[in-house]
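Heads up: the structure comes next, in structure tokens.
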Amino acid sequence: MPSSKENPPKPRSTRLSFSLFSLSLSPAPSAAPDPLLPLSSSTSSSRRGAWGHGVAPAEAAAGVGGGNLRPSRASSKASRHASRQDSVLMLSVPAAARSPSCCLPSSSSSQKPGSGSAKDLRTKFLALSSGALGAGLIFHLSPLSSMLPSASGGGPGGGSGDWGGFGGGGGGGGGGGSGGHGFWSWIFSSSSAMAKMDEQDASGPEWDFHGLPANLVIPLAKLSSMKRYKISEILFFDRRRGNTVASAEDSFFEMVSLRPGGVYTRAQLQNELETLATCGMFERVDLDGKTKPDGTLALTVSFVESTWQSADSFRCINVGLMAQSKPVEMDPDMTDREKLDYFRSQEREYRRRIERSRPCLLPEPIKKEVRQMLREQGKVSARLLQRIRDRVQKWYHDEGYACAQVVNFGNLNTKEVVCEVVEGDVTQLVIQFQDKLGNVCEGNTQLGVVRRELPSQLQRGHVFNIEAGKQALRNINSLGLFSNIEVNPRPDEKSEGGIVVEIKLKELEQKSAEVSTEWSIVPGRQGRPTLASIQPGGTVSFEHRNINGLNRSILGSVTSSNLFNPQDDLSFKLEYVHPYLDGLYSSRNRTFRTSCFNSRKLSPVFTGGPGMDEVPPIWIDRVGVKANITENLTRQSKFTYGLVMEEITTRDETSSICTNGTRTLPSGGLNMNGPPTTLSGTGIDRMAFAQANITRDNTKFVNGAIVGERNVFQLDQGFGIGSTFPVFNRHQLTLTRFLQLKEVAEGAGKPPPPVLVLHGHYGGCVGDLPSYDAFTLGGPYSVRGYNMGELGACRNLLELAAELRIPVRNTHFYVFAEHGNDLGSSKDVKGNPTEFFRRVGHGSSYGLGVKLGLVRAEYAVDHNAGTGAVFFRFGERF
């Protein structure tokens with residue numbers, strides 16, 4: 001076997017092909033859930049993909065996978081045949097492990113039925129990450145059709161690890177990987193086989209001493225066919241440039257499947273040389289060995305790089321869904337005229353192919369950048385084409401087009417280089433329902449409910465985008481109907497270059513009920529948590545979801561703070577939710593809700609000021625009905641409007657109706673002539689009013705820290721319906737900004753950025769205002785450092801706050817300053833409860849704190865009194 005290979009002369013117009021991608025799977029490490037994205041959970045179960053075992057890994061933190069794209073190996077015989085017969089240069093690289101790949105992050109979500117609080121968490125949290133047994137979904141550049149027959153098998157998919165993932169849909173199948181030689185068989189083999197592989201990896205494969213003098217250059221033909229040679233070093237020698245470079249520093253390193261430290265036979269080395277000689281990247285290539293004293297061989301790949309005439313124009317076309325051209329064999333006995341006619345027919349066929357292609361998504365600035373590369377280079381070389389390929393694919397993958405691959409370069413030896421890209425066109429969208437065992441079944445949910453949540457980029461005719469898959473997961477998860485969700489792209493067997501998007505869903509049980517007991521913890525003196533009562537409270541809740549498969553639901557709950565005597569304090573809520581009010585297929589997204597309720601809360605209006613003796617509490621009972629319509633204007637904005645009819649009763653601590661607030665006199669008696677508790681003066685008010693609310697929330701999570709902006713405007717309008725015919729307009733505006741102070745790399749385990757929070761809240765009321773609906777100042781969600789309502793009750797208020805959050809390990813430390821003011825409106829509240837309970841109507845505070853799970857531990861300074869105290873608060877301030 002000669003150690004040198006030289007290609008035949010090239011025709012005038014040639015085409016360098018990277019070959020169309022096919023799908024296989026390779027293992028990838030597990031990844032932690034991305035804290036920036038919502039979380040979910042599912043039980044771990046194995047899955048066998050349609051193209052190999054396993055599922056896609058969590059590259060959630062990384063966004064889009066497939067960074068280093070390298071040409072794959074095709075059959076050396078096929079490559080030789082192509083280059084010698086039809087003059088279409090095929091790039092063929094014997095490196096399955098280093099072939100161009102399109103890594104898809106996992107995209108699955110799961111949730112478990114549970115209580116209302118669990119459902120809230122499901123709505124807020126969604127995982128796009130992988131379990132510990134996740135596997136990467138790789139698009140290798142090898143002929144797609146050659147992979148399809150090997151995909152066979154059987155059972156359905158299911159979750160993998162805790163998170164599931166993009167990829168590996170459908171039934172189990174054959175081995176993945178380039179070459180199709182049992183890669184997945186040993187990955188998922190028995191433990192004894194795995195132990196054997198581990199033992200072999202630890203000791204290293206066996207190899208033979210070359211038995212020759214050191215520093216002897218030896219051709220491949222002189223090597224023994226009976227020995228296994230260990231390669232200690234691989235060098236590249238560029239004959240045209242006349243220099244030797246380390247293999248890792250040369251772009252042609254990816255063309256070679258040999259690796260330092262590997263053990264190879266002479267036949268394998270000869271096959272490597274054959275493949276390099278026929279890949280179209282070299283005009284001439286040699287492979288020589290040099291003996292080392294330690295018995296190993298050092299290989300030198302000496303080559304003359306293929307070059308073509310200079311070009312100054314660049315065109316990018318989308319050849320996805322187009323049939324791959326089948327070259328006509330060229331008879332070696334052709335005359336020169338027949339060969340010329342053959343080459344001309346090939347050029348005409350390629351021009352027709354260009355005319356039938358579609359424009360690619362590559363923007364003009366990238367095309368200009370490539371044209372500049374062509375002008376600066378002069379002659380077109382194989383290295384330049386690799387750089388162009390990498391730049392084009394980098395743009396696609398950075399933009400989320402994870403399935404896009406450069407497959408060909410055409411029109412070489414002309415003034416225009418044509419870059420052929422398979423962008424990953426979606427040809428089919430499949431929605432499957434699965435039972436608990438992962439078997440395909442008939443679902444209760446109507447398909448239109450799911451389809452309306454899918455982004456357009458997942459529909460047929462669009463190019464698949466990884467971010468669209470993540471958005472689909474978030475949208476479907478927000479329905480609250482499914483315990484597990486998977487979005488799996490796979491190659492279309494009927495349309496070469498196409499992508500089938502499979503969405504697999506496991507439905508939650510339609511009916512659920514729950515009983516819970518609790519002891520209520522309320523802020524005590526100076527914010528210290530104390531038990532509201534030694535007697536336990538409890539809640540009985542039930543839910544019937546997804547009625548008629550249209551996501552309609554009935555929810556109910558009954559709560560008592562004293563299970564021993566529930567009749568003394570019993571509240572309930574029954575709600576019906578009817579989404580898609582304008583029809584399932586209407587673009588208008590409106591949801592109708594109606595509920596009846598009975599609740600009891602302690603009023604902060606009737607609270608004593610600083611230094612005042614404890615004031616007898618006033619409880620506000622509300623019973624009524626409410627109906628509203630919520631319209632989602634955008635994903636970030638919603639508008640709610642409706643009617644409220646309620647009866648309000650004020651009661652003292654003995655549950656008797658109370659008409660006036662009271663306070664303790666210096667003599668120990670009670671002053672019963674406090675502010676009236678209701679508009680009617682009887683302790684009972686009845687009224688009906690309209691209510692509207694518009695919210696725009698553009699916040700997001702960056703490594704667990706919330707950033708963005710949130711605006712809320714609420715309006716209550718009374719029309720004179722009810723006791724004393726109340727007419728009023730009560731309005732509130734809240735503006736909150738979460739300003740990211742430093743750019744950070746996003747991903748699992750990455751530190752969150754420091755954040756500055758700016759907050760403003762204005763409230764006002766015109767017309768009739770009952771005391772229980774007055775705005776209150778002070779408390780953990782108003783002005784920190786004060787108890788609820790400690791600063792006053794007013795018609796108008798203004799609150800300003802600033803908070804600086806500094807991330808520390810697994811949490812954050814913060815400093816804050818706040819101010820609240822009644823704008824002189826306390827005296828306009830009926831009975832002036834602010835003056836009666838000796839409150840000042842304004843106040844400021846500042847302090848610092850640290851977040852400990854759900855608890856905020858804060859030290860706040862009351863600026864009015866000049867004293868500080870430690871507070872423990874629950875939940876978020878903003």
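Just so it is clear, glycine is given a Cβ too, placed from its N, Cα and C backbone atoms.
The compositional bias 'Gly residues' feature in TrEMBL is assigned to 152-175.
For 213-305 (among others), the entry in TrEMBL reads domain 'Toc75-like POTRA'. For the domain 'Toc75-like POTRA' (213-305), the DSSP counts in helix, strand and coil order read 24 helix, 40 strand, 29 coil.
The domain 'Toc75-like second POTRA' feature in TrEMBL is assigned to 314-425. Counting residues per DSSP class in helix, strand and coil order gives 52 helix, 25 strand, 35 coil for the domain 'Toc75-like second POTRA' (314-425).
Residues or ranges marked as domain 'Toc75-like POTRA' by TrEMBL: 427-507 (among others).
Feature annotation from TrEMBL assigns region 'Disordered' to 28-87 (among others).
Taken from TrEMBL, the feature region 'Disordered' covers 150-175 (among others).
Listed as Cβ neighbours of the region 'Disordered' (655-674) (distance under 8 Å, sequence separation of 6 or more from its ends, same chain) are residues 568, 605-606, 608, 612-616, 618-619, 649, 681-684, 771, 831, 833, 836-837. If you look up TrEMBL, you'll see 655-674 (among others) marked as region 'Disordered'.
Taken residue by residue, the region 'Disordered' (655-674) breaks down under DSSP into 0 helix, 6 strand, 14 coil.
According to DSSP, the secondary structure content of the domain 'Toc75-like POTRA' (427-507) in residues is 20 helix, 31 strand, 30 coil.
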